[in-house]
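Worksheet: one structure, shown below.
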Amino acid sequence: MVSRTIPVDTFDLVLFGATGDLAARKILPSLYRRFLAGQMPEDARIIGAARSEMDDAGFRKLVSEALNEFVSKAKRDKDQIKAFLAQCSYIPIDAKGDGGWAQLKEAMRDDVVKAFYFSVAPSLFGPLAKRLRSHGIACEDSRLVVEKPFGVDLETAKQLNADLAASFEEAQIYRIDHFLGKETVQNLMAVRFANVLFEPLWNERYIDHVQITVAETVGVGGRGAYYDTSGAMRDMVQNHLMQLLCLTAMEPPTRFEPDLLRDEKLKVIRALDPVDKSELVRGQYKAGSEGPSYQEDAENPDSRTESFIAMKIGISNWRWKGTPFYLRTGKRMTKRLSEIVVQFKETPHSIFERDGHAPANALTIRLQPDEGMDLSMTIKEPGPGGMRLVNVPLDMTFADALGPEGEEIPDAYERLIMDVIRGNQTLFMRGDEVEAAWAWTDPIIEGWVERRAQPYAYAQGSSGPEEALALLHRDNRRWRDLGD
Ligand code: NAP
């Protein structure tokens with residue numbers, strides 16, 4: 001099956017923070033790959049902006065270096081890169097100053113889609129939004145893209161929403177969570193809502209529990225100072241894991257439209273039970289052969305910030321009452337893996353008990369490393385010798401199923417940026433959703449700050465602290481082995 005590429009309308013994309021890490025690592029390579037795929041029109045333009053003094057040639061050199069570093073060799077074509085660079089230009093602008101705005105206004109065309117990407121610190125969102133309006137650069141249908149973190153608690157998120165709302169309508173604001181741009185995440189919705197097989201079983205009657213894991217092998221070295229003010233709860237759970245939980249747990253929207261879908265996600269967040277401290281485990285990695293301890297990486301010997309968190313969450317609604325969702329995420333773990341496991345219940349009565357146990361079905365939705373899904377099925381072990389049962393996966397790895405051999409699945413940023421140009425907010429978080437997620441998260445964090453709770457130490461290259469295993473053991477369940 002070959003994926004179709006539908007070109008988007010032509011656009012002027014202003015990339016604030018164009019000299020930064022995210023622009024080099026993700027945004028510019030993603031735009032180049034869409035250009036290569038024929039989706040970015042030949043007259044679309046990318047206007048880089050940041051404080052650094054630079055001319056167009058200097059910026060093109062920077063973009064070219066980023067493409068060399070972050071685009072795979074197979075996709076680096078000299079002529080194509082040259083053509084892409086011709087669509088890039090640069091204007092020095094300080095978000096808090098008045099220089100450069102007149103030049104930007106002059107450079108923007110009237111009859112094209114206008115998008116402004118804020119790949120800068122959140123403290124600059126308000127000043128940038130205000131100046132785009134006051135200088136008459138943004139108009140009614142301009143789009144604004146903002147990066148995470150969207151606040152550090154409910155109060156700061158409300159302030160950011162208010163800063164943006166002072167200059168832009170909610171329908172113009174695209175809050176990025178790159179997890180939502182993953183092929184698998186959208187396929188989770190397709191599998192649930194476009195097949196008759198799963199939805200009748202998708203509830204507390206047939207699902208024993210759900211596990212959501214986002215495990216990383218890297219530590220926090222390099223961005224330790226930032227991470228130490230955040231921790232796994234703010235950095236991963238409040239946004240990425242929360243979004244995965246919502247898409248797994250939500251009711252079917254009446255139509256696949258941005259606000260209808262986001263309404264359903266919001267209902268899930270509002271139905272989340274508060275988490276008791278006995279149902280939550282925080283961890284911090286120790287020094288090991290892979291590198292220094294968390295505290296050394298964070299350059300804070302007294303740090304109590306968690307680099308790992310596991311928790312049990314209840315959802316108080318008709319569909320899920322009694323079916324727990326277990327979440328875990330951590331740094332320096334044994335394997336880099338993101339997945340959702342929907343663990344079905346055992347059959348009500350096993351007719352095979354004397355000849356072999358029938359393990360329950362599980363649907364695994366893999367986000368990384370190899371995006372795809374598998375459904376574990378119980379079948380008879382082939383051959384004579386009685387009725388022995390085995391569990392085999394029905395595997396669908398998207399790279400095999402959806403693309404010609406060697407074809408890469410588009411990066412989440414590629415899809416999300418093109419959705420911005422198309423004006424489709426489905427895969428972006430709405431302001432009230434973000435606030436609701438913080439309203440649920442804040443009391444949990446306040447609880448451990450008040451108790452001055454110390455995270456459990458865990459070994460690098462492990463699955464996290466032992467206490468996280470116990471969280472499931474006492475419910476007679478076990479985490480999926482990360483080494484599986
Ligand atoms: P970064 O490397 O520090 O880059 C920041 C950018 O902002 C630079 O281009 C900088 O350029 C520009 N800038 C700083 N002050 C400015 C001002 N007053 N006016 C105009 N431009 C200004 O940061 P980053 O890692 O790219 O991150 C950007 C945003 O994305 C942050 O909100 C971050 O949390 C988020 N994010 C980053 C990643 C990642 O992997 N890097 C992942 C997820 C989210 P000048 O110094 O030239 O002005």
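Any Cβ shown, glycine's included, is placed from N, Cα and C.
Those TrEMBL annotations? Automatic predictions, nothing curated.
Taken straight from TrEMBL:
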ACT_SITE  H240  active site, proton acceptor
BINDING   R51, K148  NADP(+) binding site
BINDING   H178, K182, E216, D235, K331  substrate binding site
DOMAIN    14-187  domain 'Glucose-6-phosphate dehydrogenase NAD-binding'
DOMAIN    189-480  domain 'Glucose-6-phosphate dehydrogenase C-terminal'
REGION    282-303  region 'Disordered'
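In the shown protein chains, 25 other C-beta atoms lie within 10 A of the C-beta of K182 (substrate binding site). Checking the recorded positions R51, K182, H240 against ligand 1 with a 6 Å cutoff on the Cβ atom leaves R51, in sequence order. Helix first, then strand, then coil: DSSP counts for the region 'Disordered' (282-303) stand at 4 helix, 6 strand, 12 coil. Counting only residues at least six positions away in the same chain, the Cβ atoms of R175, I176, D177, N239 sit under 8 Å from the Cβ of K148 (NADP(+) binding site).
Of all Cβ atoms in the protein chains displayed, 25 besides its own lie within 10 Å of the Cβ of K331 (substrate binding site). Averaged across the domain 'Glucose-6-phosphate dehydrogenase C-terminal' (189-480), the predicted model reaches a pLDDT of 92. The recorded positions examined here are R51, H178, H240; by Cβ neighbour count within 10 Å, the least packed of them is R51. Cα spacing between K331 (substrate binding site) and H240 (active site, proton acceptor): 15 Å, rounded to the nearest whole number.
The binding-site residues examined here are E216, D235; by Cβ neighbour count within 10 Å, the least packed of them is E216.
Ranking the recorded positions E216, D235, H240 by Cα distance from R51 (NADP(+) binding site) puts D235 first.
Here substrate is bound by H178, K182, E216, D235, K331 per the record. The longest Cα to Cα distance in that group is 21 Å. A 10 Å radius around the C-alpha of H240 (active site, proton acceptor) takes in these binding-site residues out of H178, K182, E216, in sequence order: H178. Under the three-state DSSP scheme, the residue listed as 'active site, proton acceptor' falls in the helix class.
Secondary structure at H178 (substrate binding site), taken from DSSP and collapsed to helix, strand or coil, is helix.
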